[in-house]
Amino acid sequence: MYLHGSSKINQNGHLEIGGVDTLELANKYGTPLYVYDVELIRNRARGFKSAFDKANVKAQVAYASKAFSSVAIIQVAHEEGLSLDVVSGGELYTALAAGFPASRIHFHGNNKSQEELRMALEHNIGCIVVDNFYEIELLNSICRELEAKAKILLRVTPGVEAHTHDYITTGQEDSKFGFDLHNGQVEKAIDQVLELNSFELLGFHCHIGSQIFETTGFVLAADKIFEKLKEWKSQFSFVPEVINLGGGFGIRYTEEDEPLEPHVYVEKIIETVKNKITDLNMNMPEIWIEPGRSLVGDAGTTLYTVGSQKEIPDIRKYLAIDGGMSDNIRPSLYQAKYEAALANKMNVKHENKVSIAGKCCESGDMLIWDVPLPEAQPGDLLAVFCTGAYGYSMSNNYNRIPRPAVVFVENGEAGLVIKRETLEDIVRLDLPYKSKVMNS
Ligand SMILES: Cc1ncc(COP(=O)(O)O)c(C=O)c1O
């Protein structure tokens, strides 16, 4: 069994995370419960940051808060000297509520609203990543109204699509995001923003995919952007201060995944950029990256209580837990795979394979198929590993199930950072319908 970060089996044969027995956590805070290993998050952040520092390269490592946004995680990101990537007014509001410095916030999104752009400008955030021509127009008009100047990156789609071990390079990319690098769109966008007083163009951004286990995709994307920089230098006399190569660094969900250490990605990115600027006789730009999953993914474990079981002879055994697609939609949404253990029976032999069923009224609500576990009883505590990214942030109230609580553990101490939703919360926004027809 693979244990992440500070997780270990304690003398009672229980799963312990951050020096805290998970059974104690479940007793105190209830289940389902998301538990975050803060030390692991800090170590990852330091892994990315120190690789840039060692190479003496100016950089920003921005936590992609879509992976898990809350006041507490944003405070940890701040403590670790990270920058922050947000993609909505809600994520921006959370960052500001956490006291995160606006100057290190980067705002993404393919359809930012007027209100969101105004909010970003009013708080003078570090950078807006402009995605399309409509946004250039909209942002320009809001800048004029507010007499503000926006620092921007242009998001480009370089025609490199990377996912796990595969990467595809195409002349054009079929993506809803960004300006295409190969059909003249980026040139048109550069031309427009350089003409307008509303903008300070810092440079370019790309994001090539998720769960990437090799450096090749990043090298290819940088290659493609730098090929163009050469043309843009003579065409627009423009040399970028910033190149942002996005996120997507992979983590180990199951034994099939073999992630690289953060410094390996960073060193390769730096090497590639350094070679390119020498060829182009350019100053070294700042390099920005945006890890989400790799900062918080394997730091998260969800604890569930085992309930009913159903055995279909010669077919399979289903083990149902007190959560499911409402707290982790990734298996139903894109067949994401996870590993699990019985947190109260860590030293007990793994007898058979069982399939973990959620409690939602949906056949597709299956968390894990065929996972080896010891014989389980109702009341046992199931730990599903690596649920820290896109778990809570994609959670929902399907079947009107309240969202679980979130606890941070570090150095033997636990702190509640998001309260469990209550049944009252479930109807908090509901209003009765006063039908004129029925009352007449
Ligand atoms: C623009 C951008 N940056 C960063 C990320 C973070 O990716 P990951 O969590 O895989 O590191 C994403 C994820 O969708 C993204 O779209």
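The backbone N, Cα and C atoms fix where each Cβ goes, glycine too.
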Problem - TrEMBL annotation, pyridoxal 5'-phosphate site containing GLU290, PRO291, GLY292, ARG293, TYR390 - matching residue among GLY248, GLY324, GLY358 - result: GLY248
Problem - For GLY248 (pyridoxal 5'-phosphate binding site), the number of other Cβ atoms found within 10 Å of its own Cβ - result: 24
Fill in the blank from the handout: Of ARG330, TYR334, CYS361, GLU362, TYR390, the recorded positions whose C-beta sits under 6 angstroms from any atom of ligand 1 are none
Problem - Densest Cβ neighbourhood among TYR334, TYR390 (binding-site residues), 10 Å radius - result: TYR390
Handout entry: Site extent for pyridoxal 5'-phosphate, whole Å (max Cα pair distance, GLY248, GLU290, PRO291, GLY292, ARG293, TYR390)
Key = 15
Completion exercise
If we take the Cα of LYS66 (N6-(pyridoxal phosphate)lysine) and draw a 10 Å sphere, the recorded positions of ARG293, ARG330, TYR334, CYS361, TYR390 inside it are ARG293, TYR390
Problem - Spatial neighbour of CYS361 (active site, proton donor) that is closest, considering only the binding-site residues GLY248, GLU290, GLY292, ARG293, TYR334 and their CA atoms - result: TYR334
Exercise for the section: Compute the mean position of the Cβ atoms of GLY248, GLU290, PRO291, GLY292, ARG293, TYR390, which form the recorded pyridoxal 5'-phosphate site, and then list in sequence order the other residues of that chain whose Cβ is within 8 Å of it. Expected result: ALA64, LYS66, ALA67, SER210, GLY247, PHE249, SER294, LEU295, GLY297, ALA389
